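Copied from TrEMBL, the annotated features are:
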- 414, 415, 416, 417, 418, 419, 420, 421: ATP binding site (BINDING)
- 154-314: coiled coil (COILED)
- 80-89: compositional bias 'Polar residues' (COMPBIAS)
- 314-667: domain 'Kinesin motor' (DOMAIN)
- 27-100: region 'Disordered' (REGION)
- 112-138: region 'Disordered' (REGION)
């Protein structure tokens, strides 16, 4: 029994899957099992096909033919041909595997087997029919013929039985195959039903997803519209950027051309830089060599400068004669003479001659006595016409020694009204032409320190300004409530074993420019003690001491130096008149004069002791000498200005000042030593 389908026919599972995917109606495959009652519903053609084998096995005998054809056997189920997507078999209701097997068994049981038809022998042909008439029976007497017929019929029945057994076995095999196929189809049907349910669930899920996707499509369409707008904007922006890009490309090309030109120039510059570096290295080496040489020259300059100052004398005395002021009487001709030096009028004067008339000697003889000539010799003499700049030019080199590490002390000594304060501080009004030694000295120090900074030297300056009034130290830079409280200031050593002195409670102000110095001098003028005397309307009644502490350092060579510059304006010296009647005010002036003369005498004694190399120098006999002791010894350089009046009425005081200065000028102090580390 042929159970296979045509090669072009797809499997039912694939057909179902295709129908589900394409949403087409399900096409059922034709069943290969015989339908119930098919035996009675066969057509004539089918009956003829079923009886055709039986006709071939009939004998010539009519009875045998009737027996064979009276019970035709059920034809074997044949495969029903079908085309793609169509079927000719009638539809059968769906049944499960066991029910389908029972139906097949019932159909086979209802079919009654017909009489056995003897099989044809191979090679024998059926006896021809005679005119379509049935063969006649043998006569009763022909027993042998009847026996032959019976044997032949028995043989035919046996063959028929054997054929029916074979057909029965084939039918049973076909039944088993049909049952197996029915079982397989049932399982396939259940699988397909499960798959169909799954596909339906998937279809429902797909419908839901389709709805969601439809909503999502609407959202995406809206978003797409927005994005299309953005795309249009971006396209416009892209066009603008493309235009900008073209412009940038043009600029880039231009920059590349410039870059190439710059690279060429750079290569030239690099070659030039390499050459310059070589030159710089050579110059650096030369500069270092010159720096060493310059340092050596600077040290040599300092040494020679110091030798020059020593040759001039570590104690020098300059004499300055002030000019005659308005309202003062003109001195007689020849009262003061300034003889020329050895080199003639071009040499600076160093001698002074003062003529004095002796009235007492003239009275005894009855005739006027000739004036007495007093000659004095100093390191330098400044006539009344000498200006402040000329005076400072002579001491500028001495001031610079303070930068080299040598203590320097400059005094202004003389009687009241001889011009000491004018020499040290200058005149009022701030006229640069009448500036004193203090502002000029600091300006010179600041300038030289700036020049030495190029050689690696750095300098710092700290200023203080005090006065000694009646042996009491007062701070002239005091401000506010501290003004006039001189008792608070004392002279003390910096520390145990230290030789450096400091004034307690005094202001030490760092200075770096001329304006700061001018402000300090202005404040000191307001605080200084002055009074009216017989010689001066406004006389300084105290010693003023301006001290500038100088500290220098050369970090590259590890050198340090320090020194102190002292610029002292001494109080006016006057002789006391024993027969003068003293009132309360005069007694105060008397005490001031006694204190001033005592301190000046102590200064002279200290200088003499230093000159004579005495073991004891009376520094402590006066606050002035005690404060200046580190600037008066052998390691210091001193210069004294003796200021005298050009008036004849002051000749006695002038002679006293000149004699005191001459004694100081004759003193010789040991070689000065620089304070270096």
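Cβ atoms here come from the backbone N, Cα and C positions, even for glycine.
Counting other Cβ atoms within 10 Å of each Cβ, the lowest count among the binding-site residues 414, 417, 419, 420 belongs to 419. Around residue 415 (ATP binding site), a 10 Å sphere centred on its CB holds 23 further CB atoms from the protein chains shown. Neighbour density at the Cβ, taken as the number of other Cβ atoms within 10 Å, is lowest among the binding-site residues 418, 421 for 421.
Each residue in the coiled coil (154-314) has a pLDDT score, and their mean in this model is 85.
In the shown protein chains, 22 other C-beta atoms lie within 10 A of the C-beta of residue 416 (ATP binding site).
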